Amino acid sequence: MPELPEVEVSRMGISPHLVGETIKTLTFRTPKLRWDIPQELKRLEGQVIRSISRRAKYLLIETDTGTAIVHLGMSGSLRVLDADFPPAKHDHVDLKLTNGKILRYNDPRRFGAWLWSAPDEIHTVLLGSGPEPLTDDFNADYIAEKAEKRKVAVKQFIMDNKVVVGVGNIYANEALFSSRINPLRSASKVTKQEWLLLTKEIKQVLATAIRQGGTTLKDFAQADGKPGYFAQELQVYGKAGEQCPNCAELIQELKIGQRNTFYCSSCQV
C-alpha cells in the first residue's frame, strides 16, 4: 500500500509535468473507485493547474475553481504519458492536458479515490488530521503530551492520523526498530527521551524512503514507472524468522491493530 513516501515521490514525479499546464479533459472509465467519482471534477476542464501538494496520503491538484484530491489506495499509481498512449486494464482515470500529455491513474484493486473540493473548502477526508511528520510541528513535546494516559500500543498510536499523519505500517515498524522501542509497549510508557529519539527516527526513515523513491513491495511504481528502492533498506519489515541485523535473535511477527508487526524481542524493550 502506498504510504507517505510513495505519495510524496508521486507528487515530485508528476509536478514538473503538470504545474502551470491547462487541463483539457477528464476521462473516467469507471463510475466508482473506493467512493463514487464526483462529476464536479469536470469543472477542472479548461483550468490551469496552480500547484500539486500533499496532505497525509492525499495528493491535491489545485486550480482556481477547485481541487482534485487523489488517494492511491492499496494499489494505485500515477504516470505522465503521451495522450495517444493506449489505456490498459485498470487505467481508470485520464487527466488530459492541452500540451498533449496525460496524467493516468491505474488502480487494480480500485480502493483509491478521486474526490472534489471547492475553493477554500477542507474535504471531510482531511478534517481532524494531525501534523505532518516531516514538519517542526511534529516533535517530542507534542507527541509526549498526546501520549499521556494512552494505553494503546505505541505502534498503533503513531499510526493514528489524528496524532500524526502518514506514518504507515512499513515505516512505523522500521522507526520503532531503529529506536529500540517494543511496538507493544503502551504509548504512555514511552519516556520523553525515547520520544525524542522516535520522532527523529520517524523523520529519518521517511526522508530516506523519499530519497530512494519509496518502497516497492508489489504494486507501487514511481511516476516514470520505476520501482522504489527503499525495500532494499528494510531492517525488520517482512523479515519474520530472519536474524535481527543487530543481534542473533530472530525477527518476530504479530498483529497490532490488525496490521502485521515485525520486531526484535531482544533489541526492542
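Glycine is no exception: its Cβ is also placed from the backbone N, Cα and C atoms.
Per Swiss-Prot, the feature active site, schiff-base intermediate with DNA maps to PRO2; the stated evidence is sequence analysis. What Swiss-Prot lists as active site, proton donor is GLU3, LYS57, ARG259. Summarising the annotation, Swiss-Prot assigns DNA binding site to HIS90, ARG109, ARG150 and lists sequence analysis as the type of evidence. Annotation source Swiss-Prot lists zinc finger at 235-269, citing sequence analysis.
If one looks beyond the zinc finger (235-269) by at least 6 residues along the same chain, the residues whose Cβ comes under 8 Å of a Cβ in the stretch are 153, 155-156, 159, 169-170, 173-174, 176-178, 180-185, 217. The most densely surrounded of the recorded positions LYS57, HIS90, ARG150, ARG259, judged by C-beta neighbours within 10 angstroms, is LYS57.
Put simply, of the recorded positions PRO2, ARG109, ARG150, the one whose Cα is nearest the Cα of LYS57 (active site, proton donor) is PRO2. Secondary structure at PRO2 (active site, schiff-base intermediate with DNA), taken from DSSP and collapsed to helix, strand or coil, is coil.
Secondary structure by DSSP for the zinc finger (235-269): 0 helix, 12 strand, 23 coil. In space, ARG109 is the closest of the recorded positions ARG109, ARG150, ARG259 to PRO2 (active site, schiff-base intermediate with DNA), judged by Cα positions.
Between the alpha carbons (Cα) of ARG259 (active site, proton donor) and ARG150 (DNA binding site) lies a span of roughly 19 Å.
Around the Cβ of ARG109 (DNA binding site), the same chain contributes GLY73, MET74, SER75, each under 8 angstroms and 6 or more positions distant in sequence. DSSP assigns HIS90 (DNA binding site) to coil, not to a helix or a strand. Neighbour count (other Cβ atoms within 10 Å of the Cβ, all protein chains): 27 for the residue listed as 'active site, schiff-base intermediate with DNA'. Distance from the CA of GLU3 (active site, proton donor) to the CA of HIS90 (DNA binding site) is 20 Å.
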